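Here is the structure we will look at.
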Amino acid sequence: MSQKPQAGEGKSLRGRLLLAIGGLGLLIALGYAAGIHNYLRLEALDDFAAWIDAHTFVATLTFVTIYAVLVAISFPGATLLTIAGGYLFGQWIGTIAVVIAATIGATVIFSLAKWVFKDSLAKQAGGALARMEKGFREDELNYMFLLRLVPAFPFVAINIGAGVLNVKLTNYLIGTFFGIIPGSFVYVSIGNAIQKGSATLQDAGLLSVFAQPQVYIPFIGLAVLGALPILIKRLGGGRAAKLADKATGGQ
């Protein structure tokens, strides 16, 4: 039987939640007061994109470093950063940069969970750990790939869970790298579409923007990603369907 949480624990949790919300609100207020919002306008991003065109290597390396660090510390907002990568670097460079950075950052957490903070981090993975264990025991590499391709668990929970469950580093790297490519490609393409669309919008109307394949195809890609669990279960055969069922939390 599971133990009921103590009243003190509930109050402590609510206190931490309120503190986090208050801190986030304070950061937003300070950022607005400092004028950071002025740098988030499309015009400012266009100026930044022009600078990137002139310093592609340095800009890409900086982006990869920042992205990897944010993933390593489990900072929320990776999806927005992925979209920004597409806006600033375009489809192909943006996708490559995001996949490499996300893999590096995720591997940092995996390594800490596997070799340094295994016991303490195991508690953070929660009940997802038991479900992951069954899938990893059956087929480590393919299950890792499916977890990344159809992420039913939070990204950080997968990083921690794989480390705590002693997944081989090579299987983790291969499964993560190739598993996140489709999702990264789609979200980067959204950023690329925003960049292309903003340029077209200045010369044509809104309908002309959405008539462009590079604008509407990414949204089709999002729909396909959402349908992947169903497609894999129905078309992937017995073994693939079984692993996909475990990856999506099915019983």
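Glycine is no exception: its Cβ is also placed from the backbone N, Cα and C atoms.
Taking TrEMBL as the reference, the stretch among 28-51, 172-195 described by the feature transmembrane segment is residues 172-195.
Across the domain 'VTT' (76-192), DSSP helix (H, G, I), strand (E, B) and coil residues number 99 helix, 0 strand, 18 coil. Sequence-distant neighbours of the transmembrane segment (92-113) (same chain, 6+ residues past either end, Cβ-Cβ under 8 Å): 56, 60, 63-65, 67-72, 74, 78, 81-82, 85-86, 121-122, 155-156, 158-164, 167, 169, 172-173, 176-177, 180-181, 184-185, 187-188, 191-192.
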